[in-house]
Amino acid sequence: MNRIYACPVADVPEGEALRIDTSPVIALFNVGGEFYAINDRCSHGNASMSEGYLEDDATVECPLHAASFCLKTGKALCLPATDPLTTYPVHVEGGDIFIDLPEAQP
């Protein structure tokens, strides 16, 4: 895994999301003080999940076609999406957020 610096904790208030411009682009969410990172592109359509509708039960609804995903597992919870989103481990260290990304393949 390749650990990257995402942002300070203060940049993602509770109930909000932040787009992290890395490769791949990540959507970072704060749900009740817990942070979740998923692929920012909906698996059904070309929509940014960081612009989606965050629910208290750690799910996010795509802003384009209302597909819903679990932030913990990436599982698609309703149609029209059927494919999951990739999730990434998140670590908070000293007020900063880091995300583990897979190593780039040669």
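Placement of Cβ uses the backbone N, Cα and C atoms for every residue, glycine included.
Summarising the annotation, Swiss-Prot assigns [2Fe-2S] cluster binding site to Cys42, His44, Cys62, His65 and lists sequence analysis as the type of evidence. Feature annotation from Swiss-Prot assigns domain 'Rieske' to 4-99; the stated evidence is sequence analysis.
Other Cβ atoms within 10 Å of the Cβ of Cys62 ([2Fe-2S] cluster binding site) number 25 in total over all chains. Cys62 ([2Fe-2S] cluster binding site) falls within neither a helix nor a strand when secondary structure is assigned with DSSP, and so counts as coil. Classification of His44 ([2Fe-2S] cluster binding site) by DSSP places it in coil, neither helical nor stranded. Taking the domain 'Rieske' (4-99) as a whole, pLDDT averages 96 in the prediction.
Summary of the [2Fe-2S] cluster site environment: with the site residues Cys42, His44, Cys62, His65 set aside, the chain residues having Cβ atoms within 8 Å of the Cβ mean position are Ser43, Gly45, Ala47, Leu64, Ala66, Ala67, Pro80, Ala81.
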